[in-house]
Amino acid sequence: MKIWKMNNSTDPTNDQPGTNVFTFYNNHSHSVIIDQVVTPIFYVIGLPANPLSAYIWLNRKTRANNSSAIYLGALSISHVIFLLFHILQELRYAWDIKTYDGHISCEIFNMLFCIPQYLAPLLVLGFTVERYIAVCHPFKKARYCTVKRAEMVVVCLLVTCLLISTLQAYFWTYDEVHQICNHRPEIQNGDFLLLWTWLTELLLFGVAPLAALIFNILVIREIHILTSGGPAHTGSSGGSSQASTATLLCVSFYLICTWLPYTVIYSLSNEFPIGDFSLTTQEVQRDATWQRHFVYNTIRVIVQEITLSNSACYFFIYYATGKHFRDSVHEILCPKKCIATTNRNHLAKQYIAVSKSSHLNGTVATCV
């Protein structure tokens, strides 16, 4: 998720070496406060939830004959890595704490930070296409929707994202004048950086979600045709297949609803340029350019936080739509003794209901 301050076309530090951008925005805009309050919430949710999701999806029992589990497990790992890198970026831009500002660390950080960003929408597109094949072309499912093929696709997508991200190591460098991580001076005024940024942003965060949307519509249409035809058309395993399809559709639609708005907002950044930093506080409050920019920046940060939820909240989708995932969460979070006690009490209640001749004393253990 590329934040606005990383867009060098509007980076004030290039022309104002004496300006403390963090202090300026903190005094005139609510965007910094929104960042400081909302973003940690998603860290608290995503950092424990994503590893748990990855463990469940990549468990040997879960991934056996379930190629979608490979994609979802890789997606969970990608989100963990993204959130860890995002913490470093958040400390830098929302709290004015220097983290990766330095030689070599600047280039490495920006290259590695882009990999999980690029990978997430491609993984979602990958399992969306797979679900399309499984539902709309069931006779090809045995050939294309296999665990081995899913592993190969994930590796290929990872290598592709790595290759695309390597250019970021060239784009970024440590600026000793401003003492920040910034774009190299030799490419700031050129067209290549702008064209490359727009190309990658539109393809990965625009075209990929739209393509997933199209495949989802085709899947929903086919499911409607099958279900309207009765049980004979859905097959004996229709319930399990539909549950898995529901999970993948929800994940895919969630990515579309959170990524596309940010892509649109990002594309409008040049329409709301920054104003003159030499103005006084009173002049900034009356300046039309600054006020339009502050309104845009606040909206952008809100949309950005919604997009960040994409990397933290998939756990709730998995839990709500997948019975196997839900049962696995219960097994991990609840002691086996608790589960065994619950089962014994349940059997005891059944016996009482049938015989009506005995009474069971004791407490019932609950598992939430």
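Glycine too: its Cβ is placed from the backbone N, Cα and C atoms.
What TrEMBL says about this protein:
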DOMAIN    49-318  domain 'G-protein coupled receptors family 1 profile'
TRANSMEM  37-58  transmembrane segment
TRANSMEM  70-88  transmembrane segment
TRANSMEM  108-129  transmembrane segment
TRANSMEM  150-173  transmembrane segment
TRANSMEM  193-219  transmembrane segment
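Same-chain neighbours of the transmembrane segment (108-129): 1-2, 67-68, 71-72, 74-75, 78-79, 81-82, 85-86, 88-89, 100, 150, 153-154, 157-158, 160-162, 164-166, 168-169, 171-172, 181, 200, 204-205, 208-209, 211-212, 215-216, 219, 248, 251-252, 255, 259, 310-311, counting only residues six or more beyond its ends whose CB sits under 8 Å from a CB of the stretch. Within the chain, the transmembrane segment (70-88) has long-range Cβ neighbours (under 8 A, six or more residues past its boundaries) at 1, 39, 42-43, 46-47, 50-51, 53-54, 57-58, 63, 99-100, 109, 112-113, 115-117, 119-120, 123-124, 126-127, 130, 147, 150-151, 153-154, 158, 251, 308, 311-312, 314, 318. Mean predicted confidence for the domain 'G-protein coupled receptors family 1 profile' (49-318): the pLDDT average there is 88.
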